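Scroll down for the structure; my scribbles are underneath it.
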Amino acid sequence: MARPAAGPGGISKFGNDFGLQRWRNTPRYDQTQPLEGSVCGYGLSNPFHESLFSCPAASWPQAKLGRPNTPQEPSKDLKRILSQISPKRIEATIRKLVSFGTRHTLSTQTNATHGIGAARDWIASEFQRYADASDGRLTVKVIGYEQQPDGSRVLFPVRISDVVATLKGSEDPERVYVVSGHYDSRASDPLDYKTDAPGANDDASGVAVSLEIARVMSQRNLPRPKATIVFAAVAGEEQGLLGSNFLAQTYRNSSTNVEGMFTNDIIGSSTADDGTKEPHVIRLFAQGVPPLNVENQAMREKRLMIGGENDTPARQLARFVKETAENKYTDMQVSVIYRLDRYLRGGDHRPFLEAGYPAARFTEPNENYAHQHQNIRIEKDPKTGKDIQYGDLPEFCDFDFISRVGKVNAAALWNLAMSPGMPRNVRVDTSDLSNDSKFTWDPPAGGNAGVGGYEIVWRSTIAPFWTNVMDVGMVQAATIDLSKDNVIFGIRARGKNGERGVAVLPFP
């Protein structure tokens with residue numbers, strides 16, 4: 001179905017209410033194909049959005065300086081990486097993890113073919129296989145701790161193990177980016193550690209992405225990333241984000257500079273329970289205002305005063321993903337969702353956020369809850385009388401879709417690791433009233449060695465993504481003839497290779 005034409009002033013022909021209700025009640029456009037074109041560069045497809053962003057006020061204030069902010073073109077090396085991500089390898093990984101029966105955190109850790117211990121050992125051996133072929137680039141560790149009973153989802157003492165593969169950076173190795181999936185699974189009862197729980201989508205799919213990107217990026221015929229990339233498979237997610245919390249706290253306790261973390265959790269299918277398919281869309285959940293243990297009350301009040309609640313480190317990270325990973329090479333649209341997670345759900349990005357690190361969650365666009373946290377069974381649908389297959393089985397995974405999600409992750413991670421880190425102590429001068437904007441900043445934590453210059457980006461206060469950019473050169477202070485009252489600004493570093501980093505919101 002073609003998109004509806006717009007009437008005068010860009011108002012949808014669905015009516016002056018922007019057609020919200022009628023849009024929901026009409027057939028969807030063809031969601032089996034990637035979207036062609038976009039609105040204001042945001043890839044929006046709903047007539048409500050088309051109306052909103054085509055109105056004259058949407059582009060105010062019209063800056064007469066700088067240039068439009070455009071997506072970052074993948075480098076030659078990144079194109080090679082994306083071309084090698086294999087749906088067949090991803091499928092093989094998922095089926096292998098399913099073969100262990102259950103991967104419940106409380107299941108056996110001593111059986112060689114069944115339970116979470118067997119899954120852990122196999123994942124570690126796969127990472128090690130890639131490490132052996134990497135000429136020393138990739139190193140593998142299994143780290144963990146003894147979790148005591150918690151009166152909730154941990155019935156007895158159990159070892160929580162994270163499998164961590166590290167691709168050390170060549171120029172700025174102390175700057176770290178993490179990608180993870182959780183390898184534990186569960187059945188209907190979160191305490192049932194004996195019933196088979198295949199966990200194909202939740203979350204063998206996420207583990208498969210970590211493994212596949214590690215395989216490709218660690219190859220000897222590719223340059224090392226400038227910053228360090230960590231590929232992790234964590235346990236205990238279903239029992240309370242245990243493995244991810246341990247990993248995040250391990251980094252925090254060692255003062256590791258983690259500048260970005262992604263978890264891939266339930267990325268196995270684009271098909272909803274009503275059959276709706278969106279195979280070229282992936283959701284990315286990004287938290288707003290940080291928790292108080294990360295940003296104190298005074299800082300929070302300042303953020304709210306300047307209208308910075310939509311410009312937290314997590315959301316800047318999500319904007320970066322949108323700008324670098326939505327292209328013809330990934331064949332995906334990144335739908336950024338401005339909230340921590342879905343309702344009633346949680347994910348492994350949360351412990352990283354609570355540790356003070358920018359983090360976000362990738363999740364499929366449509367979920368089928370008959371295929372999550374369910375014992376394998378067939379039941380009659382009380383409405384239709386048809387049989388419903390319950391259970392998180394491989395047959396419900398779309399391996400081509402998962403590989404495209406892997407490409408989105410790879411594009412984001414490679415661009416992050418090849419660009420400079422985030423500028424520090426970014427400030428806007430509010431010492432007096434003026435119609436221009438004065439900024440100062442310090443170099444990234446790794447210094448200016450890989451920096452080729454700095455850029456000021458901005459957008460209107462109602463726009464979700466950066467729309468304009470000005471190159472200000474190799475300086476640490478700049479004044480721009482545009483009022484800080486009317487737009488949202490960010491400062492980002494640009495590498496000598498042209499790669500642009502993550503922007504940082506200036507505070508007074």
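Cβ coordinates are placed from backbone N, Cα and C, and glycine is handled just like the others.
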Co-listed Zn(2+) 1-binding residue [Swiss-Prot; alongside HIS182, ASP202] among ASP121, ASP265, ASP273: ASP265
Tell me which residue from ASN253, ASN310 Swiss-Prot records as N-linked glycosylation site. ASN253
Hey, which of the binding-site residues GLU238, ASP265 is the loneliest by Cβ count within 10 Å? GLU238
Once HIS182, ASP202, ASP265 are set aside, which residues in the chain still have Cβ within 8 Å of the Cβ centroid of the Zn(2+) 1 site? GLY181, GLY199, ASP203, SER205, GLY206, GLU237, GLU238, THR263, ASN264, ILE266, GLY347, ASP348
Long-range same-chain neighbours of ASN435 (N-linked glycosylation site), Cβ under 8 Å, sequence gap at least 6? ASP481, SER483
Three-state secondary structure, which DSSP defines for ASP265 (Zn(2+) 1 binding site): coil
Work out how many Å separate HIS182 (Zn(2+) 1 binding site) and GLU238 (Zn(2+) 2 binding site) at their Cα atoms, rounded off. 9
